[in-house]
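Taking it in order: structure first as structure tokens, then the write-up.
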Amino acid sequence: MKTTLLSINKSRLQGQITIPGDKSISHRSIMFGAIAEGKTTVTNFLTGDDCLSTIACFRKLGVKIELDEEKVIVYGQGLDGLVEPKDILDVGNSGTTIRLMLGILAGRPFFSTLIGDDSIGKRPMTRVTKPLRSLGADIDGRNGGEYTPISVRGGNLEGMEYQLPVASAQVKSSILLAGLQANGKTKVIEPSKTRDHTERMIKHFGGEVEVDGLSITVQGGQALKAADVHVPGDISSAAFFLVAGAIVPNSEIMLKNVGLNPTRTGILDVLEAMGADFEIVNEKESFEPVGDIIIRTSSLKGITIGGDTIPRLIDEIPVIALLATQAEGTTIIKDAEELKVKETNRIDTVVNELKKLGANIEATDDGMIIHGKTTLSGGSVNSHGDHRIGMMLAIAALICKEETTLENQEAISVSYPNFFSHLNRLLHN
Ligand code: S3P
């Protein structure tokens, strides 16, 4: 465990950075490249620890993957090219890796076992193991398939219709990946719209997927064809700098190459509703929309965030809580119970760590209530091994009156390995 001294209240933010590749899309580019036929070249791939775990797992499944500074090349040989792994598949800290891989492995006629780190060992897997069993896969795991280690003996799946009990893109994607290997059609119905990168990827790799409101249907037995992927910047990473730009005095920054998929832009709706001063320029559309965002120091007001907006900003809630400490009035975040089963219980970690810095914040059953505007004092805080908590606290330190130290900052490399170099580039006296 490393303790890091963070910058204190003496800087403004100025300049521009190019946001690194999207984590969700980077994972999927490897997975789809691996199950498609042919050579897939991925550029702007996120080399965070989570996505490297996905590469390591597919190499163990016999897929040749080359990685250098510019690109990743995946030599896919179709689903039948995957081979029974001789070793356990270790997903590290990555929920996306384990849940989506379970969907792929559910359709493969061989035995495999998945494990992860301590955090993964506490995260619920029944949400995927239950529907994958209903499709026909033989799956076991600790506590009846709720926790890792999880073993799968797949194959012989029969398509089905499944109503998701939680709004989760990971669960939806897992079932769709299994559905691509099932007899007949598989239909998933979501309670609210979640990120649709898997649906877009199926089409990008030459497959067919039917989307009708909240229901998504795939036909089993489709062969996917290799397709090059240029990964857009991750709006969930940009979020830390969007908030920093809005709350650090005398700031104006440009965040380049940010993915603007509407299923991910809840943070922009929140910034707008709070009164933040930002604009989107250079918008472009390939298989995912992208653009550059300019944000300036802003006067903010508290708002209520809940309902269908939550899945569109679920990973941004820790840094939105920080933003709310700098808004006049009360911000209520509700309908966000899912935060309890992220890399940490993010209701507890956000509330406890921001309280240590002097925030007026309280936990509720399904979110949190923040009263602003408060001057943050500073102190000793801890990421608890959660990358997004670590980055949120590093941004908080920019506006703290006193010195702030962060324990366990190394977790940040899970999704943003060059976070501190980007932050230092933007900081000016
Ligand atoms: C992800 C979906 C979300 C998100 C996670 C990435 C994905 O999780 O929190 O960081 O890539 O599908 P849930 O599907 O569990 O909400």
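Just so it is clear, glycine is given a Cβ too, placed from its N, Cα and C backbone atoms.
Whatever TrEMBL says is automated annotation, not expert-curated.
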K23, S24, R28, S168, Q170, D315 show up in TrEMBL as binding 3-phosphoshikimate; which entry in K60, K284, K342 does that record put in the same site?
K342
So which of the binding-site residues is most packed in, judged by how many other Cβ atoms lie within 10 Å of its Cβ, out of K23, R28, R123, K342?
R28
Cα-Cα separation of Q170 (3-phosphoshikimate binding site) and G95 (phosphoenolpyruvate binding site), in Å?
8
Give the subset of the binding-site residues R28, R123, R346, R388 lying near ligand 1, defined as CB under 6 A from any of its atoms.
none
Candidate nearest G95 (phosphoenolpyruvate binding site) in space, where candidates are the binding-site residues R28, D315, K342 and distance is Cα-Cα:
K342
